[in-house]
Amino acid sequence: MAATSGAVLNGLGSSFLRGGKRSQALLGASIGAKGSPSPAAGTRKLIVYKVCFFRLPGDYGFDPLGLGKDPAFLKWYREAELIHGRWAMAAVVGIFVGQAWSGIPWFEAGADPGAIAPFSFGSLLGTQLILMGWVESKRWVDFFNPQSQSVEWATPWSKTAENFANATGEQGYPGGKFFDPLGLAGTIQNGVYVPDFDKLERLKLAEIKHARLAMLAMLIFYFEAGQGQTPLGALGL
């Protein structure tokens, strides 16, 4: 536990998340490489901030707390927002479907004798900690070292590099035959996944909007649960 806590603290204190000189230099170099004049030293940080901020889908400059001033932290916050939003979307669907199926309020389902529970609480908790801990640890490592998990030794099954490779090159949107099996943001050409970045941009915008709406819905569900209400009950269903 101590080693894990130390790793987490070291990760949060890394030069990447702090937006240190190295990360700022890399960002500045990527901007200058496009043929634009090199900005003065005093204005480089401001230009980097604007470019990184407005390229994010769903962001239009609204940042009253100034959370996006540091490009490195901004990338971390977007990763967190995306993951929380995806969980919230899954949770909202699960709450509605679960109660419609069983009739049991979502905040009482775990303790209700009539709930469908083929596993004991201890077995379920242990399995979730092991499986989710493994997946989340790999996502954490890949965030700090992109593409490090798409190698053969990183997972216990074969063709890991093909399945887990980031086909789009964008953090949080790997695409590929494994992560985009329906080809919503790409096509398969001669057995190779080719991303369609126009479709990807539209889907990224739609996803983040739905994710924010789902997080807001979950917040409302929590307030309703505090009053003994359920979403279906509040809708009169």
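In case you wondered, yes, glycine gets a Cβ from its N, Cα and C as well.
Quick look at what TrEMBL annotates:
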type	residues	note
BINDING	GLU81, HIS84, GLU207, ARG212	chlorophyll a binding site
BINDING	ARG86	chlorophyll b binding site
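A Cα-Cα distance of 8 Å separates the residue listed as 'chlorophyll b binding site' from GLU207 (chlorophyll a binding site).
Note: the chlorophyll a site is recorded as GLU81, HIS84, GLU207, ARG212; in the same chain, LEU82, ILE83, GLY85, ARG86, ALA88, ILE208, ALA211, ALA214, MET215 also have Cβ atoms within 8 Å of that site's Cβ centroid. Packing around GLU81 (chlorophyll a binding site) is summarised by its Cβ count: 18 other Cβ atoms lie within 10 angstroms of its Cβ, all protein chains included. With a cut-off of 8 Å between CB atoms and residues at least 6 apart in sequence, the same chain places LEU82, GLY85, ARG86 near GLU207 (chlorophyll a binding site), listed in sequence order. Sequence-distant contacts (6 or more apart, same chain, Cβ under 8 Å) of ARG212 (chlorophyll a binding site) comprise GLY58, GLU81, GLY85.
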